[in-house]
Amino acid sequence: MADAEFYDVGLFQAWDYVVLAAMLSVSAGIGVFYAFTGGRQSTTREFLLANRNMNPMPVAMSLVASFISAITVLGTPAEMYLNGPMYWLYGIAFIFTGFLTSLFLPTFYRLGVTSANEYLEKRFNKPTRLLGTILYLLQMILYLGIVIYAPALALNQVSGLDLWGSVLAIGIVCTFYTTIGGMKAVLWTDTFQVTVMMAGFLAVIIAGSMNVDGFNEAWRIAGEGGRLDILDFNPDPTVRHTFWTVVVGGTFFWSTLYAVNQAQVQRYLTCRSEKTALLSLFMAIIGMIIVVSAACISGIVMYANFAVCDPLTMGYVSKSDQLMPYFVMYLFGKMPGLPGLFTSAIFSAALSTVSSGVNSLAAVVGEDIVKSIWPDMKEKTYTWTTKGLALFFGILSIAMAFVSSQLGSVLGAAFSVFGMIGGPLLGLYTSGMFFPWINSKGAFVGTLLGLTWSLWVGIGAQIYPPSSEKPPLSIAGCNITLETMTTLSDTMMTSSTMEPPMGRPAIASLYSLSYAWYSAAAMLMTIFWALIGSFLTGND
């Protein structure tokens, strides 16, 4: 491939904006439809729980969409491209996650709660419920900022799509249909958006495979480049990705999302029966495996196209999160409308996650805080209050996009946020449901200590980031000019003559723990201290 080919990837054209605008219009239109049909979102039961009368298909699609975000669309192919196929093993973790979640789901459904944190007050006390509320708010608000900002930045730097225009488009459209259409709008827009995501992936896989003479050839090239070496059974928990890290650690990570996260619990509660909720869960697990597999295969095909001329090494992109948008522009830059299709997939992924988060945040604050302060609030007033909360959190998500600009890789950032905060929350709910001798004091203290540990390790890993071995990248096939060669040579010379880094303190070895273990370790730490605390304080 010639060097000029890599530079000349093109920018967004009019038809791309038309395709993107059409996707946004359909999403907004679904919100308008549900604002003026059915009960017109006049009760909190309809606005937050879709009247608990949903069929499994839209619920399952929404369960997939809620955390298959733009982070997955951008980060997973880049992960496959740079680090190989170990991430694909999360498909096995999803299966175990489904069975683990099925142990938690019946408790929430039978209690008939709206907020998952209501369980914490019934099992422990009000302070423990408030602790769960605060942790969830912190977790989701940080995450939503990443979800909005990351795709906007990547698209801006590769395709020329306006950065803050993208942030505002995602934030405003999502806030609009979530606020006026409620949970029904969220479920059905998620269904539509998962379809768009899959269309985007399939377009990339087909076109990318054709570009290297077929999928079999793409697979062969990936194998030769070390991108298919998937069986690493190293038990070392500091290795970023191994079979045990991804399957065991990943099971607990995804359980923080599917078993006890308000966004997902709320979806189970929209189902017309417990059996329907369980069916939607296992349908979602299948959907997760399909979508993540499509993202992984996209990464394999991308590597096959760039195997001999890595755009990251050559400086055509500055961050790994830009690889997938760059690849799309490389494939479709001169084909009006197709870059818009994949960009719509990225926007769809962001919209589905943000809408789920905004709706769940409104439910948590409404049920856990507003109702506790004004328990006698009229139903109509409370419904309008929850709509106002949805509007507020939509605007806050846009504001948090500014904060997210300070974070690094989107995939690692997202997993770190959920691991550090989600792990203690999973430990708290596990303590309540499966350890009857844990009391409220033990649960409260255990959660705080588990959170302290996970924040310490997680933040420490940002200060002393662990190193990891990666398969090699090549620029042997690039048409390197004298100017490019000089730039690369200067970079290598600077790197080789730099002073050696200061020695890491001994305690920094703790920060080498793979991010995939954060949830499991924090959960176990929480349960351990909850047991100790309960033993020391006796019965409540």
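Along the chain as shown, the residues are counted starting at 1.
Every residue gets a Cβ built from N, Cα and C, even glycine.
TrEMBL does not curate its annotations; it predicts them automatically.
Database features (TrEMBL):
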| type | residues | note |
| --- | --- | --- |
| TRANSMEM | 17-36 | transmembrane segment |
| TRANSMEM | 57-75 | transmembrane segment |
| TRANSMEM | 87-109 | transmembrane segment |
| TRANSMEM | 130-151 | transmembrane segment |
| TRANSMEM | 163-180 | transmembrane segment |
| TRANSMEM | 241-260 | transmembrane segment |
| TRANSMEM | 281-304 | transmembrane segment |
| TRANSMEM | 386-404 | transmembrane segment |
| TRANSMEM | 410-430 | transmembrane segment |
| TRANSMEM | 442-464 | transmembrane segment |
| TRANSMEM | 515-536 | transmembrane segment |
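Same-chain residues lying 6+ beyond the ends of the transmembrane segment (163-180) with a Cβ under 8 Å from its Cβ atoms: 24, 27-28, 30-32, 34-35, 41, 148-149, 151-153, 155-156, 186, 189, 347, 350-351, 354-355, 358-359, 387, 390-391, 394-395, 397-398, 401. Segment contact holds for the transmembrane segment (130-151) and the transmembrane segment (386-404), given three or more CB pairs below 8 angstroms at sequence separation of 6 or more.
For the transmembrane segment (281-304), the most Cβ-contacting stretch among 17-36, 57-75, 241-260, 515-536 is 57-75 (pairs under 8 Å).
Among 87-109, 241-260, 386-404, 515-536, 241-260 has the largest number of CB pairs under 8 A with the transmembrane segment (57-75).
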